[in-house]
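If you check Swiss-Prot, you get these features:
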type: TRANSMEM; residues: 6-26; note: transmembrane segment
type: TRANSMEM; residues: 45-65; note: transmembrane segment
type: TRANSMEM; residues: 92-112; note: transmembrane segment
type: TRANSMEM; residues: 115-135; note: transmembrane segment
type: TRANSMEM; residues: 189-209; note: transmembrane segment
type: TRANSMEM; residues: 225-245; note: transmembrane segment
type: TRANSMEM; residues: 251-271; note: transmembrane segment
Amino acid sequence: MTDLHSLLIAFILGVVEGLTEFLPVSSTGHMIIVGHWLGFVDEKAKTFEVIIQLGSILAVVVMFWRRLFGLIGIHFGEVPHEGHTAGRLKLTHILLAMIPAVVLGLVFHDVIKSLFYPQNVMYALVVGGFLLLAAEWLKPKKPRAVGLDDITHRQAFMIGCFQCLALWPGFSRSGATISGGMLVGVSRYAASEFSFILAVPMMMGATVLDLYKSWHFLSLSDVPMFAVGFVTAFLVALIAIKTFLKIIKRISFVPFAIYRFIVAGVVYMVFM
């Protein structure tokens, strides 16, 4: 593989990762499809995916840095209150939402990694699509938590339980958490913001664990390729998050569900 070819692959996968990581469409499903299409499916490819996820995480940190630092008691000016109640999103909300998936993820880490096959991803895309539809059709007519600061500890924990579904490769972490949030009475916009903020510790923890287990596949010659993928994923994710938060006020998740079904069909035709 030539250096130019490697950098092109890194750029393409960085775009795919950045576009899909925080949308309810499954970044894993897209990475598997595009990775197979590019012929980039070895152990180095898995390590590469872990590293470019850090670029996507950094995009969330840049978007919500005041809120994130505020959660740990470091304040850079006043964070605007989002909601109709006197509540405030606290670190305890995030910790409660993390517990279910962290416990299951640690216990079944090796089992989960063994599920990274197109057939499993295809099923997850379909089931996750139906969950998005269920969230739109069954959500309360009037959300109890309109803004991010209205979310209760109980709602945060329930969102965390839904997040466990994302341990199934191809399900979509954002799809599971946003759908779960809507079903327990959180507005679509607030559930999306909470999902993005929750992604930082969840993805960071999973990424560090994966990186620890696969660091021996790294070499200095891979640095340019990984750097291109990281930077590309960061920039594209930043644009994707900003755009998503704008359009989600005006559209439902039905188009995303339909898109998931289409991607599942592509997986079936290509890999089955």
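From the backbone N, Cα and C atoms, a Cβ is placed for every residue, glycine too.
Ranked by the number of CB pairs under 8 Å to the transmembrane segment (115-135), the listed stretches 6-26, 45-65, 189-209, 225-245, 251-271 are led by 251-271. Looking at which of 45-65, 92-112, 251-271 has the most CB pairs under 8 Å to the transmembrane segment (6-26), the answer is the stretch 45-65. Sequence-distant contacts of the transmembrane segment (45-65) (same chain, at least 6 residues past either end, Cβ-Cβ under 8 Å): 10, 13-14, 17-18, 21-22, 27, 31, 35, 76, 193, 196-197, 199-200, 203-204, 207, 210-211, 214-215, 217-218, 222, 225-226, 229-235, 237-238, 241-242.
For the transmembrane segment (92-112), same-chain residues at least 6 beyond its ends with a Cβ under 8 Å from one of its own Cβ atoms are 71, 151, 153, 156-157, 159-161, 163-164, 166-169, 177, 194, 197-198, 201-202, 205-206, 209.
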